[in-house]
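Heads up: the structure comes next, in structure tokens.
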Amino acid sequence: MDGRSEFGPVTRSRRRATISSTKGELLKGSNGVSSASASKPGHKRGDSYTKDSAEEARKSSRNDNMNCHKLQESLLSSASGFKNYRGILNWCVVMLVLSNARLFLENLLRYGILVDPIQVVSLFLKDPYSWPAACLVIVSNVFILVALYTERKLAMGTFSEKLGLLIHIINLTVILCFPMLTVLMVPSVTPVGGAFALGSYTILFLKLYSYKDVNRWCRERLQVKARGLSRSLSCPSPPSADGAVHVSYPGNLAFKNLYYFVSAPTLCYELNFPRSQSVRMGFLLRRLFEMVAHILVVFSVVPQWMVPIIQSSMKPLQDMDYSRMIERLLRLAVPNHFLWLIFFYWFFHSSMNFVAELLRFGDREFYRDWWNSESVTYFWQNWNIPVHKWCIRHFYKPLLRKGASKLLSQSAVFFASAFFHEYLVSVPLRMFRLWAFMGMMAQLPLAWFVGRFLRGNYGNAAVWLSLIIGQPIAVLMYVHDYYVINHLEEAADPGAL
């Protein structure tokens, strides 16, 4: 019994030694290093793991060499999800710069330098001592004061709502008719000066219309509160977040409040506009530099690039040579679109941000990403946010509330926009051809076609094509008619010789 008890543990210990030695030999055979050597002072346990990982890396490398394909799409395929095309965009910019540089050199070699500062000044003034367009803008203060006086009388109850509405209608009608008659009857008003004056009066018309509506809404709220036995005698205002003093109706009927709205880069009136904390001088100077630089570019490109193309287009238009007409149209499309893009940046970014920074006007959303438009409707809703907000607030939604359908309301908005486009072009040129009006109304079927049949990149390409090609057609039509009326008739008139 004692021998058996002593033999048992000895046998188990020998078995353990045999197993451990076998494992050591196996490890040595597979890794080349024995377990005993791993326990020596000169070796670390991490070395075996490092060698194992290196061996696995070599195996995976051999597998990669054997398998070099996987399931994937080409980068230019939409299914690949790849979106970084910055290099292609830079390539397009470089190609545009090179191609336009060639056209610029070709223009200089053919025509020489055509930019004349005297001609630029003559676009605004015929007589240096007569400034009819500037006088028209100064006279517009009369209509501002009439609107303020009417609103004050309405707030005090001196004028009835019907009488106040009649005065506002007469005032707004005169705002549109008075400058038009002045431009048509005063020969010293140049086309550029007339367009500037009419543009100022159009903006004033939209602003005073909004001023009338908002104050009427405030009076209606007061009447509702009065019937509800409310003690509040003012139109509610948003709470002040920056500690600024906010006004309430009728405290807003002051010269300072109205003239701030007239000067602010917006067409929609509010009693209290969002204001920025301070004026950033660096931002202000950058916008001023951009404004001056872009004006110089415009007055250089028009006589140097556009005028020769337009002059060479007169004979093909008169002869109805369609092939040469199309060729001139495509030549004119590039500088015309270039000027349109400059105008957009100059007006909607540089100028409006400059005025907003100067007045600490907080809402700087003057445009959205219209360049990504996949439909004509999206473009018109996002390229001119002040006009879009005015149309929605004071024209589109009121028509819907009166029972008009969405299609009829949208058509009415396009009709009003077409009227003002024609008003700003035909009156300064002193001729009525309705090219701008028809161009705007043509946006309705174009919007339907693009929205119905084109999607994504195709819709965006259609929008860009309408912008690049549509405007030069209207420019050529107006310039041709203006040339025929003012130059061919004068040449044919014997009394002019």
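Indices start at 1 and increase along the chain as displayed.
Placement of Cβ uses the backbone N, Cα and C atoms for every residue, glycine included.
Heads up, TrEMBL stuff is auto-annotated, nobody curated it.
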The annotated transmembrane segment range in TrEMBL, which must be one of 192-211, 252-271: 192-211
Surrounding CB atoms that lie within 10 Å of the CB of His421 (active site), all protein chains: 17
Seg_contact(the transmembrane segment (192-211), the transmembrane segment (407-426)) with at least 3 CB pairs under 8 angstroms, min sep 6: yes
